[in-house]
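Lifted from TrEMBL, the feature list:
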DOMAIN    195-266  domain 'Wax synthase'
REGION    106-130  region 'Disordered'
TRANSMEM  7-26  transmembrane segment
TRANSMEM  32-51  transmembrane segment
TRANSMEM  58-79  transmembrane segment
TRANSMEM  135-154  transmembrane segment
TRANSMEM  161-190  transmembrane segment
TRANSMEM  243-267  transmembrane segment
TRANSMEM  287-311  transmembrane segment
């Protein structure tokens, strides 16, 4: 584990050095294809660096931060778009925004309170509908994740479907906790106002709501300008604006699937989300499911399809065993070092 921590530090020193190159050199190159050319070595580095890590959690989070978020943000940066667009922030701000899962909260435009635009009807009104402080919710989720980790000790006695349900909860909780903890130091040091990365996805009432407004919103905000909008614009010239959103939605999900290595899960959800958009346009003013029905149907569909197409791939690759083993190592580390630290504090 010590060797893995050293590799982790080396990977991130290399990544930060690469971003300094982007800040001091690439930013001075005219936007467009020339700047994109000078970013190619960084794209390669950010894609390959996570391969130096064997840990499921360290390697997976680094691959997401660098190979996914970092590369897409720098792709937008090549054309002066996205969160790194001018005016160029300070160096430490640039590095933080480029490689961490943070989206700065934008000040609402004037008269937002009086804005009655009907296009906002399907957007969740609050990131915290229960009015519980987000810090308290995070603590509750950490405790819930701890209970799931403890339950893995009894895996031989659990039904396979129960284990898959635990994996579903684990995936959501680990994702939200890691992203929140990664963003917290930057928020504390620089005083950034940061958008939440998740918006209680278990409250989703449709696939469009789940993927577009609740699940891993950092990815949504990156894929929209890099994949969805360009594909929709091209499709509008070919098949008309009425149907242009459908290939844009499906293409966005395909790109996401290729990055996750569980392509068919995302292809299926892309097709179903596109169909859902068409159906909602046709029947919204005539008939609509109550959220008490649409909510369980949505979450049920996500869970069942993950049983079918998402987790089997990870299980075949032994990723679940690797993750559970790392939980055991972490638990042992805490048991050994926490009492020692408490003893030193008393001394």
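Yeah, the Cβs are placed from backbone N, Cα and C, and that goes for glycine too.
Curation does not apply to TrEMBL; its annotations are automatic.
Note that the coordinates shown come from a computational prediction; the quantities given were computed from them, not determined experimentally.
On the 0 to 100 pLDDT scale, the model's mean across the domain 'Wax synthase' (195-266) is 91. Under 8 Å from some Cβ of the transmembrane segment (161-190) lie the Cβ atoms of residues 57, 61, 65, 92-93, 96, 100-102, 138, 141-142, 144-145, 148-149, 151-152, 155, 197-198, 201-202, 216, 218, 303, 306-307, 311, 320, 323, all in the same chain and six or more residues away from its ends. Tertiary proximity for the transmembrane segment (287-311) is limited to same-chain residues at least six positions away from its ends with a CB under 8 Å from its CB atoms, namely 161, 164-165, 167-168, 202-207, 209-210, 262, 264-265, 268-269, 272, 320. Counting residue by residue with DSSP, the domain 'Wax synthase' (195-266) contains 54 helix, 0 strand, 18 coil.
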